[in-house]
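Working notes, structure below.
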Amino acid sequence: MDTQYDKLSQQQIKISIAKPEAKNFIKDNDALSVSCTNSSSDTSREKWGKEIEFLFSCIALSVGLGNVWRFPFIALENGGGAFVIPYIIVLLLIGRPVYYMEVIIGQFASRGCIQAFDMVPLMKGIAYGQVYATALATTYYACVMALTIKYLIASLSEILPWSYCQPEWGPLCISTAAFNHTHLNNTLVGKPTSSAELYFTKTILREKDNIDDGIGLPNWDLVLCLLSAWLIICTILIKGIRSSGKASYFLAIFPYVVMSILLCRALTLPGSLNGIIYFLRPQWDQLLNPNVWYAAITQMFFSLAICFGTLVMYASYNNFRKNVYRDVIIITSVDSMTSILAGCIIFGILGNLAYETNTHDIAHVVKGGAGLAFISYPEAIAKFKYLPQVFAVLFFLMLLVLGIGSNIGMASCVITVIKDRFQYLPHWLLASGMGVVGFIVGLVYTTPGGQYILNLIDYFGCSFIALFLAIAQLVAVSWLYGVKRLCQDIEFMLGLKTGLYWRVCWAIITPGLMFLVLIYSLINYQPLDYKGVKYPDAVYNFAWLIWAVGVGQLPFWAFYTIAQQSGKTFKQKLHLALKPTDNWGPLEAKLLDEYNLRRKSFDYNDSLTLSWRSRVYDNIFG
């Protein structure tokens, strides 16, 4: 492949000897190359130790807690098997195209997500907003890891502590190990609660009924677990991307070992097949329900970790000629198959719980949402007759590994952005600083009102911000930079022609579907609550401020970029802000020279004389 482009470059240089204007271009470009080499040499940027480490790292990033506990209950709430069909369709129309786009951009530029937007400087605020959302997600994701560590330690007890009732929990507590719905209404007055749920809310979280009088002080045991989580993350991060790549082998493979064990165990439970059949059998009438499609799109969006800047960062450490096309197909397929595998496991367990409690309503056997990981799964494990401690240790160790893999990717994204801007700062200092700041901010989640704040930050600080910025990113890349030019970049880098499927998805289908999701979420917006409890008005105002800071990065940096341009009029400045920067392209000087020569060979003026309809057609099919 290199030989092919070397020949092309030599031919173009020969042609340029006969053309004075080409000589001037090469002369200018040589000066630019020296500047680029001095400021950001390709040799100064780390690379993956082995190419396969990128594959495993992306799997560890994308396959996380959302696959294990969020997907099964999103499916449960949206018709079981009926949800799987829209989910696969959304994978093909949104998940895979966006994933491929971000990986291509990162590898082509060999820069973090901020500098990658040198392709459209006007829209650089998108990347700043995404890093902001990623940093917020990193803090509360570490808190989830802290809860996992707490449960992992508790699983080593001779008797699982959530399997029996504590006296202080009151008479409405029902021991998980002997939970039987058929006897509850006859023996108790009031709403009974399982010991697994009370252990989570009363012992682990010490949760408050509301936060009207504040969130309280941190729980010291969770603080220690949070500290342990950040020590694990920093230990892996501190040695750079090569250390993360080596860790990815374990982080990506181990969860599948545990899931295979849990699947085999689930299949041996009475009634498990009924649950799996419920999960896989389509309910065709649900396909006409817009809520099902909305749930499928949002689940795919966050399952693959697209539009958060992390994929661009990971791909920036690839070799320029690496064929990432097959990696994208593998990663997106593995992520979706993992979700379905996790669905079979949990629905097998739910089928067993329905069998034991003598009910046919599988959809209401246990709680969904965040309670699945720390209430429903532990409750099910406590019912195992043989060696429940072993299965508990395996399960929570798997959750911890999944959390580490995802959190390393998010933390690395933030560190890379800072390192690209301040290259003189040592990596160990950035990694340590990230850990200290993350730990201090994360203390808020270890308080009795911490889950209220976590729920708030997850929605306003991550999900809602990411949805707005994802649409802006798709428009910026597909229409301002252009699908046509993106495909030309792919051909230069990989030697591959881009098919019609990718072009149409990038230009029309993917941004269109994402925009419909945004409109649907705005039309159906309801004030956020936690377990049915509303937040104080001051907290809602604070939440919208958090959202505004993230989304506000887009207009702020747009106006800043326009003001920095050399044009005399606003129109001239805007035009310059929409064009890629002079040093946009491959980071390596030699490749940048080849790229600029190749760009010079294209006629940019032809498209300017076309009508807007012809321009649209040319952008997609040209």
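Going from the start of the chain as shown, residues are counted 1 onward.
Note that Cβ sites are derived from N, Cα and C of the backbone, with glycine treated the same way.
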Choosing among C143, C173, which residue does TrEMBL name as bonded to C165 by a disulfide?
C173
Other Cβ atoms within 10 Å is the metric here; tell me which of the recorded positions V63, C165 scores highest.
V63
For the transmembrane segment (131-153), could you work out the same-chain residues 6 or more beyond its ends whose Cβ comes under 8 Å from its Cβ atoms?
65, 113-114, 204, 221-222, 225-226, 228-230, 232-233, 308-310, 373-374, 378, 392-393, 396-397, 399-400, 403-404, 406-407, 410-411, 413-414, 417, 434, 438-439, 441-442, 445-446, 450, 454, 457-458, 461-462, 465-466, 469, 546, 549-550, 553
Give me the Cα-Cα distance between L402 (Na(+) binding site) and C165 (disulfide bond), rounded to a whole Å.
30
Criterion met for the transmembrane segment (425-445) and the transmembrane segment (292-316) (at least three Cβ pairs under 8 Å):
no
Neighbouring C-beta atoms (10 Å sphere around the C-beta of S303 (Na(+) binding site)):
24
Might you confirm whether the transmembrane segment (220-238) is in contact with the transmembrane segment (500-523), defined here as three or more C-beta pairs under 8 A between residues 6 or more apart in sequence?
no
So what sits near N67 (Na(+) binding site) in its own chain, CB-to-CB under 8 Å and at least six residues off in sequence?
S303, D335, T338, S339, A342, L402
